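As given in TrEMBL:
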type: COMPBIAS; residues: 548-558; note: compositional bias 'Basic residues'
type: COMPBIAS; residues: 560-581; note: compositional bias 'Basic and acidic residues'
type: COMPBIAS; residues: 612-631; note: compositional bias 'Low complexity'
type: COMPBIAS; residues: 650-666; note: compositional bias 'Basic residues'
type: DOMAIN; residues: 527-584; note: domain 'Signal recognition particle SRP72 subunit RNA-binding'
type: REGION; residues: 528-666; note: region 'Disordered'
type: REPEAT; residues: 222-255; note: repeat 'TPR'
Amino acid sequence: MASAGVLVASLWTEVNRCGQSGDYTRALKALTKILHENKDDVTALHCKVVCLVQNGSFKEALNVMNTYSKVLGSDVVFEKAYCEYRLNRVESSLKTIESAPEQTDKLKELYGQVLYRLERYTECRSVYTDLIRNSQDEYEEERKTNLAAVVASVSQWENAPAGILDLPESTYELCYNAACALIGQGKLPEAFSKLQQAEEFCRVSLAEDSDVTEEDINSELAVIHSQMAYIMQLQGRADEALQLYNQVIKLKPSDVGLLAVTANNIITINKDQNVFDSKKKVKLTNTEGVEYKLVRKQLQAIEFNKALLAMYTNQADQCRKMSSSLQAQNPGHPLPVLIQVAQLCREKQHGRAIELLQQFSDKHPESASGIKLTMAQLYLAQGHVTKACDVLRSIEEFKHKAGMVSALVTMYSHEEDIDGAIEVFRQAIEHYQSEQPGSAAHLALVREAANFKLKYGRKKEAISDLEQLWKQNTKDVHTLAQLISAYSLVDTDKAKSLSKHLPSADTMALKIDVDELESSHGATYVRKKAAKATGENPPKEQGQGEIKKKRKKKKGKLPKNCDPKATPDPERWLPMRERSYYRGKKKGKKKEQIGKGTQGATGGASSDLDASKTASSPPTSPRPGSGSTTAAGSNVVPPRQQKPAAPGATRKKAPPKKKKGGKGGW
């Protein structure tokens with residue numbers, strides 16, 4: 001027995017030494033030997049659980065705690081909750097923490113992490129606020145970072161005011177979280193500036209460590225760059241955002257959540273273009289463990305985009321299957337239904353699409369606004385304008401908005417249903433009369449209604465609207481004039497009595513000096529133009545302008561070798577071939593060609609027939625137009641030679657054929 005006690009003491013010494021050096025594997029071996037001697041040793045069991053947790057063996061540690069739960073009791077509540085948290089059993093971890101007899105600081109830290117994973121941000125914020133207020137240790141900066149992350153999540157995912165936090169932005173994590181909160185508030189330029197500040201902090205802090213390489217720095221900056229690209233995308237700078245997203249993807253960061261979000265954002269930029277790139281990027285959203293890194297809304301958006309991508313790639317069956325599954329998971333969300341409707345419209349099944357939208361709007365009236373707008377659009381696409389108007393008028397949320405009233409009036413006017421358009425105006429005016437009487441929107445609707453009624457000859461109906469407007473502002477001359485014009489066709493006596501309220505001509509006349517106006521430069525210019533147009537030429541006064549000098553005509557140049565004393569040729573204006581002394585082009589004497597000519601002809605005969613070898617007097621040519629004839633063709637103008645056709649003008653070359661199976665080049 002004494003030897004066993006000595007052995008156990010030496011084993012505990014070994015455990016202590018291994019614990020201080022961080023060699024938990026070796027410590028486990030010593031603890032196994034100790035437990036072999038005494039399997040119910042609480043301290044040894046507790047130490048074994050800690051060593052397993054330090055080695056990342058969370059399942060084994062949890063099995064030990066569950067097996068010896070009676071022996072260990074509440075001593076390992078924190079370790080059990082932590083193992084469940086690391087194994088993504090968040091709900092079980094929450095129950096374990098809440099069942100603890102005492103809430104220690106480390107349990108509160110874990111409690112905050114669990115609440116954050118469960119997206120219970122309000123409770124999480126109160127936990128971290130209490131920890132920061134009541135703790136003074138080396139982990140204060142980490143708690144502030146976590147609190148800033150909670151505030152940013154509230155701003156981004158719950159669209160709620162985050163409140164003001166007096167947290168010093170001394171680290172790049174705090175700057176990054178502050179930038180995320182600004183994005184949720186819509187302050188994009190300020191958020192981008194804050195991200196640049198976070199990038200600078202990160203580079204400076206990591207450069208101090210000599211073991212950190214440039215690749216490690218870029219990997220750490222990937223999350224900041226991805227958020228910068230997201231701001232660019234929101235600002236409409238899609239090309240810059242896409243370039244930055246691709247840089248993040250090429251780095252292959254270890255954070256699967258970051259990769260999934262970046263790939264999803266690239267897919268949203270591609271939309272229905274570059275679908276092959278989108279199909280490659282969607283694989284990054286299917287990586288194992290992504291569901292534990294992202295919040296519910298992020299995962300939901302990724303699934304919606306997968307269904308849309310299936311539609312864009314003409315995978316109709318897969319699109320229907322995915323959208324139906326999404327609708328079952330999110331019964332009140334309109335997007336899965338809209339995806340199904342879009343797929344049906346691509347298949348030209350508009351009737352089935354409208355039926356599906358009607359069913360959803362009946363089941364979920366709280367989400368029916370966007371659905372009914374889509375229904376109206378489909379009715380308009382089919383030419384059913386009246387049905388579209390009925391659907392739009394059933395949307396209580398937008399029924400009396402100025403844009404909706406304008407759209408309805410336009411559609412009713414297109415269908416020549418003037419009474420329907422006036423009814424839309426009447427309902428909208430009554431709504432504003434009860435809710436916001438005398439407001440700018442109310443008066444604008446009354447004016448538009450009056451103008452519409454006057455346009456379509458409804459004078460009596462327009463009079464009440466114009467009177468209402470004039471009572472609001474009796475100095476409005478334009479409204480008064482419209483009212484008098486309307487009464488002039490209905491009740492002339494009333495029009496005369498109202499005309500007394502018009503301002504006098506003296507008050508409406510502009511105080512203008514007519515003489516000064518006529519003597520102005522512009523008026524003088526107009527008078528000059530008018531006088532010139534009527535043909536009157538009044539004498540110019542001194543100083544109005546000088547008489548333009550006539551240009552001197554240049555003497556024509558004489559041709560070379562011109563003798564000015566000689567008499568010019570009277571036929572010099574005629575073409576050379578039409579002149580009387582034209583003899584044609586001189587040609588050299590043809591050599592006698594032996595063996596050529598008609599069959600049986602001799603050289604002597606050809607020379608006898610040669611007219612150039614016979615002596616004759618010079619021909620006397622008639623003048624052009626004299627009507628006499630001459631030798632064959634000597635003075636007849638030859639026909640103009642037609643230009644030869646351009647190469648390839650009569651026969652076009654066929655375009656090169658596209659190679660089959662190639663990359664699309666010619």
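Counting begins at 1 with the first residue displayed.
Placed from the backbone N, Cα and C atoms, the Cβ positions cover glycine too.
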Stretch-averaged pLDDT - the domain 'Signal recognition particle SRP72 subunit RNA-binding' (527-584): 68
Residue distribution over DSSP helix, strand and coil in the repeat 'TPR' (222-255): 27 helix, 0 strand, 7 coil
Secondary structure content, the compositional bias 'Basic and acidic residues' (560-581) (per DSSP, counts of residues): 3 helix, 0 strand, 19 coil
